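According to TrEMBL, the features are:
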- 41-290: domain 'G-protein coupled receptors family 1 profile' (DOMAIN)
- 26-51: transmembrane segment (TRANSMEM)
- 57-79: transmembrane segment (TRANSMEM)
- 91-115: transmembrane segment (TRANSMEM)
- 135-162: transmembrane segment (TRANSMEM)
- 200-221: transmembrane segment (TRANSMEM)
- 242-261: transmembrane segment (TRANSMEM)
- 273-292: transmembrane segment (TRANSMEM)
Amino acid sequence: MHGGNQSGVSDFLLLGISESPEEQQILFWMFLSMYLVTVMGNVLIILAISFDSHLHTPMYLFLVNLSLTDLFFVTNTIPKTLVNLQSQNKAISYAGCLTQLYFLICLVTLDNLILATMAYDRYVAICCPLRYITAMSPGLCILLLTLCWALSVLYGLFLTLLMTKVTFCGSRRIQYIFCEMYILLRLACSNTQVIHTVQITTGGFIFFTPLGIMVMSYVWTVRAILQIPSASSKYKAFSTPLGSHLAVVSLFYGTLGMVYLQPLKTHSMKDSVATVMYAVVTPMMNPFIYSLRNKDMHGALGRLLLGKAFQRLTGRKLRH
């Protein structure tokens, strides 16, 4: 990674959202609270699904992997942000910056691919319920997840290796909370047109292909639900993980689009806020979205946290 391309630049400065000491204290406690909530929420989701045999289904297997991805994602960025907010030294080494960039690319890609896999799972469950068990066999689920992880790791490695060819000789100030590819390309003093073109082309394929799969799955799934004659059955169908998944996808792509669907040379405070949205808020909200209206998750979390007391309570409600 070090090669000869640093051109004297050994550190970058992660300036974050604000350089005001008063605002940094507020941001520190805000980020710390959000990080702890994110970790606790996703760990609870993973444990609840792992210990509840009723949830050992393809949809919840994918959800466990999504929660793991979110855990790794916030751990890759937020701890360093918290250190920067509490210290005067906001430097991150060249190697550290590229390492953070690698995991960022890898985990955002993985998030995207898992969401597409979950959309396909919901399509099969609602549109082809009689074939669901065979169509979403354990072997196929493991294969899909293996492909998601392998493609993400390779794509992250590919783009990070490209970045080692970039020369930095000017400003080292990054107006973000972490090292991000667009920002690094803006700081480069070498010609980045080829790398930017490759990044746009491959990124478009990696992100818009799964998005296309999701849109097609939603269209077919919603069409199938609308053909159900009973209004209560329609409501029940939308109250399944399908509704939660739609909310997560909207949040993920909405915040991601705010950051990347713009010219390379522009930057504003809006970009920093949007970065916080997809880097911190989205991973924090996912556990709430998936458990808020999901009775299966309510039950699993109740059994995990309250044990036999929850079983006695639900037993009483059933008798009444």
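We number each residue from 1, going along the chain as drawn.
Placed from the backbone N, Cα and C atoms, the Cβ positions cover glycine too.
Owing to the predicted nature of the structure, the values given are computational and were not obtained by experimental measurement.
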Note to self: If you count every Cβ pair below 8 Å, which range out of 26-51, 91-115, 135-162, 200-221, 273-292 shares the most with the transmembrane segment (57-79)?
What the structure shows: 26-51
Note to self: Give the nonlocal contacts of the transmembrane segment (91-115) in its own chain as ranges (CB under 8 Å, at least six residues past its ends).
What the structure shows: 1-2, 6, 9-14, 62, 65-66, 69-70, 72-73, 76-77, 80, 145, 147-149, 151-153, 155-157, 159-160, 163-164, 178-181, 184, 206-207, 210-211, 214, 245, 248-249, 252, 256
Next item on the list: Determine the mean pLDDT over the domain 'G-protein coupled receptors family 1 profile' (41-290), rounding to the nearest whole number.
Entry: 84
